[in-house]
Amino acid sequence: MKQLTLAKTVKGVGIGLHKGEPIEITLEPLEANSGIVFFRSDLNASYKASPENVINTQMATVLGDDRGFISTIEHLMSAINAYGIDNVRIVLNANEAPVMDGSSISFCMMLDEAEVKELDAPKKIMVIKKPVEVRDGNKFVRLTPTKEPRINYTIKFDNAVIGEQSYNFEFSKKNYIENIARARTFGFLKDVQALRSMNLALGGSLENTIVVDENRILNPEGLRFKDEFVRHKILDAIGDLTLLGYRVFGDYISYAGSHHLNHLLTKEVLKDKDAYEIVSLEKTTQKAYEKVFA
């Protein structure tokens, strides 16, 4: 099984969730073993997608350094993971990725347009060898060894509309596109004023966010899935784990997880060299793992 990049460059435009300004995005092919690289064209600054370059996880996953930052990368990273793309350059002319419709389906469409290209190098994956867990009170995220990677996610909100939701996701591109990619980000009406006073969520609207009041959803079209909230959390988690630099072959289990806990989990994994193994998918080893990339 070979590493993948894009067959051609594709461009798109969307609104930034937090600043509310138009953003141009370009996805470009990269050579083997380059990984996922973000480039701020307005700053002439590159940022490798990796846990060590994460500087904030409050409202989104943010890469950066003293030159600047790039926010809200998780939806795009999630789509890149689902398509099995190992090497890609993401060019942005602003400090965040566009929110599109609040899900990752627009990025999936861009990747469909770009198509994928095999490179002359074996694909590598990260195989989890022993359990790794991060906790914050009763909230936790955990990676454990497995023969068939799954995500088991539970959320619990003190809100009648959301309440407690659980979802089990088994990795495959087809499953992702059908059941995860269209799940939108969500927020609460009561938080909007406070966020905007901090210059956040200025681009948020019913076009790109599920807005929840105390006992109703304000979006006139309603939900895309009855459990869209937990499905979006899975979308986010896939994007956050992609910062490890490889498709992760392990069970991810979360109760009330977050970008912050996901970030701590990726750091915890990398801290313990016995917790994982990087496996090169040569012909002799790929059969056990190829289902994940179907």
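Backbone N, Cα and C atoms are what each Cβ position is placed from, and that goes for glycine too.
Of the residues H18, H75, Swiss-Prot puts just one in the Zn(2+) site with H232, D236: H75.
Annotation for H75 (Zn(2+) binding site): same-chain Cβ neighbours under 8 Å, separated by at least 6 residues, are A97, V99, M100, S103, S104, F107, T185, L235, D236, G239. For H259 (active site, proton donor), the same-chain residues lying six or more positions away in sequence with a CB closer than 8 A to its CB are T57, Q58, M59, A60, T61, E74, D236, D240.
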